[in-house]
Amino acid sequence: MTIHYDEERRIFHVQAKGTSYVMAVSSEGTLLHLYWGQEIQDAGALLGLLQIHRGSPTGPVQPPNADVGTWPHEFPAFGMGDHRSPAYVVQRFDGSIASCLTYVGHRIVPGKPKLPGLPATYVESDEEAETLEIELLDPVLRLRVILRYTAFAQHSAIARSATFINNSDESFQLQRALSASIDMAGADYAFLQLSGAWIRERFVELRQLVPGEQSVYSRSGMSGHKHNPFIALVAPRADEEHGDVYGFSLVYSGNFLAKAEVEPMRQSVRVQIGIHPDDFSWLLEPGASFQSPEAVLVYSDRGIGEMSRTYHRLYRTRLARGRYRDEPRPVLVNNWEATYFNFDADKLVEIAKAGSELGVELFVLDDGWFGKRDSDNCSLGDWYPDPRKLPGGLADVAKRVEACGMQFGIWMEPEMVSPDSDLYRQHPDWCLHVAERPRSERRNQLTLDLSRPDVCDFIVEAVSNVLHSAPIRYVKWDMNRPMTEVGSATLPPERQRETAHRYMLGLYDVLERITTAFPDVLFESCASGGGRFDPGMLYYMPQTWTSDNTDAVSRLKIQYGTSIVYPASSMGAHVSAVPNHQMHRLTPLSFRGHVAMSGNFGYELDLSRFTAEERELAKQQVAAYKSIRSLVQFGDFYRLLSPFEGNETAWMFVSAQQDEAYMAYFRVFPDPLQPVRRLRLRGLRESTYYRIEETGEVYLGELLMRVGMNMPLMDGDYQSVTMRLRKV
Ligand code: DGJ
């Protein structure tokens with residue numbers, strides 16, 4: 001890892017592990033993008049290649065103004081010749097939005113500076129990374145822009161962000177402030193995105209780029225179920241194991257835009273990611289600054305699989321924080337699908353007791369314990385226990401759960417308020433709303449206005465009171481509606497369009513304060529399942545409830561798609577009852593167990609109603625999971641067969657030393673006369689012998705990876721097999 005500036009040729013060469021990222025300053029001071037990809041040594045030679053851009057002169061660093069629209073810009077402006085999508089837009093007091101940035105200077109610092117108020121990747125020592133800060137200036141606006149690039153020594157990743165500073169004595173409106181923009185030469189790429197809906201999150205979609213714009217986005221105030229804040233460009237012939245892949249992931253939990261704009265002659269593609277400009281504007285007063293969220297760019301020359309593993313390692317070790325980053329996550333049982341709102345303390349203890357007999361470690365009390373909440377139509381905001389259900393309060397039920405030998409955890413939805421709640425009756429202006437418009441309810445609830453410091457203080461106090469009231473070791477932090485009428489009672493008209501981003505800053509502040517005050521509590525985020533499964537939330541909470549769809553067959557696709565960016569240690573995965581409550585499908589307990597064991601394992605059903613046979617199997621599942629837990633939660637993940645391509649799914653986890661592995665294979669339906677499946681493993685050491693624990697067979701890694709191993713013959717629907725490999 002190094003960052004080098006060639007003074008003579010005015011070239012920046014940012015080198016992270018295995019990758020080079022190169023920029024040049026033109027004779028006019030424009031910052032140009034030259035290259036991003038496999039590591040190169042002679043970045044200076046890239047200048048010659050700039051000539052391939054149509055209309056550019058032979059002196060590559062002297063682009064004439066007329067051709068500025070074809071040049072590869074590093075942080076493109078609007079209105080002065082480049083008609084492609086800008087990285088930022090500023091409206092001046094006179095209404096104009098033309099802008100142009102030129103290079104002023106730069107500095108290279110060891111390590112990685114923090115991003116004020118925002119989640120971001122981090123380092124634990126300065127040797128882990130180096131950061132380049134390039135300062136650009138629009139001399140008319142007197143707008144300074146600092147572009148920040150952190151190169152990681154251990155990861156093929158570059159973290160980017162931009163700071164906008166108003167150096168003038170007039171205010172202006174920042175109408176667009178993306179985190180990263182990059183003009184890549186050529187456009188022969190496929191666009192990889194993770195898209196879906198509630199109970200169908202993060203399905204893998206791949207489409208060939210065509211001229212024009214293609215994008216994924218959220219305007220719902222949360223990163224959302226529809227698209228994840230991530231895209232990748234996949235080079236021709238690249239696949240899971242081979243070829244060039246370029247990932248773009250945004251460390252943010254609100255509205256986002258991720259897009260690729262292909263030039264009509266397919267000469268180049270402009271890739272951008274950042275806050276969605278549709279519901280954004282920021283008044284920059286003289287001297288004020290605005291910080292964009294961080295975008296994490298990952299390059300892989302070994303296909304989509306290696307890109308994923310880079311994100312996994314980086315996000316697991318240098319995005320997630322706190323005690324549980326490195327600690328095994330407890331096996332839990334959650335009462336949501338077991339009881340919904342219909343429970344009392346005795347019922348909860350009955351489930352906890354049954355769980356403890358199986359070896360489950362944590363009992364989670366889900367929705368319905370507070371206010372007078374017997375359905376989803378009231379009480380959000382009234383965070384005190386319902387005496388009808390919990391006569392002894394939380395402390396009593398927690399004590400009884402602990403007496404069963406288990407830890408106690410709880411569900412909360414602190415960002416919300418029910419119109420039927422004491423909180424709303426006292427503070428009707430505390431929710432997001434717009435004057436003279438109805439307050440649209442979703443799931444009978446409104447969103448608290450976290451752009452307001454007083455509302456944030458209330459949330460911190462309410463959550464803290466609950467956490468102080470009982471020995472609570474885990475919190476499921478839910479958020480169950482998209483935002484509408486995004487306006488704030490306290491902001492002036494010229495700042496109303498700051499509300500959505502101010503909400504996120506408020507949320508991050510709340511999460512920082514709470515997670516700092518309760519370092520021993522494990523936090524899991526949730527938004528109607530996987531509606532806010534993003535790197536921003538992972539900074540505060542190391543795991544997320546992956547989806548409200550607990551059907552094991554559906555989960556194959558959901559967990560596979562999620563793994564494109566996010567590590568298994570971030571995915572909550574539970575065994576639920578059959579017929580499944582979302583899909584009404586009947587799958588065997590063993591299949592459900594195997595699917596859930598590939599994430600943070602737990603149960604979400606009434607364990608006290610298991611038959612003796614089910615109890616025995618569940619006991620074995622819990623023990624088996626505990627024996628592979630560190631592999632799953634901290635190992636390297638290899639996808640072997642995709643559920644998006646057929647009836648079978650397979651993946652495996654390999655320890656960092658490559659001395660242990662765990663493989664899971666799933667076949668949804670039988671095929672008549674289906675040939676034996678020969679499965680090639682990945683990630684092992686070629687010259688190491690491995691024993692397969694289940695069969696006692698010993699094979700060389702080379703054979704397991706090049707030739708493969710036969711999956712056993714299996715009859716019937718919903719079959720699965722797992723194998724544990726150990727170095728001999
Ligand atoms: C949505 C979550 O995704 C579910 O797991 C459950 O906690 C419900 N909310 C409770 O209202």
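Cβ atoms are placed via backbone N, Cα and C, with glycine included.
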Original post:
Can you pick which of Arg329, Arg400, Arg443 TrEMBL lists for the same substrate site as Trp198, Asp366, Asp367, Lys476, Trp477, Asp478, Met479, Asn480, Cys526, Asp548?
Top reply: Arg443
**OP:** Would you mind pulling the DSSP three-state label for Asn480 (substrate binding site)?
**Re:** coil
Subject >> Close-lying recorded positions around ligand 1 among Trp198, Asp367, Asp478, Asp548, where CB distance stays under 6 Å >> reply: Asp367, Asp478, Asp548
**OP:** Looking only at C-alpha atoms, tell me how far Asp367 (substrate binding site) is from Asp548 (active site, proton donor), rounded to the nearest Å.
**Re:** 14
Original post:
Can you name the residues of this chain that are 6 or more positions from Trp198 (substrate binding site) yet have a C-beta less than 8 Å from its C-beta?
Top reply: His225, Ser528, Gly529, Gly531, Asp548
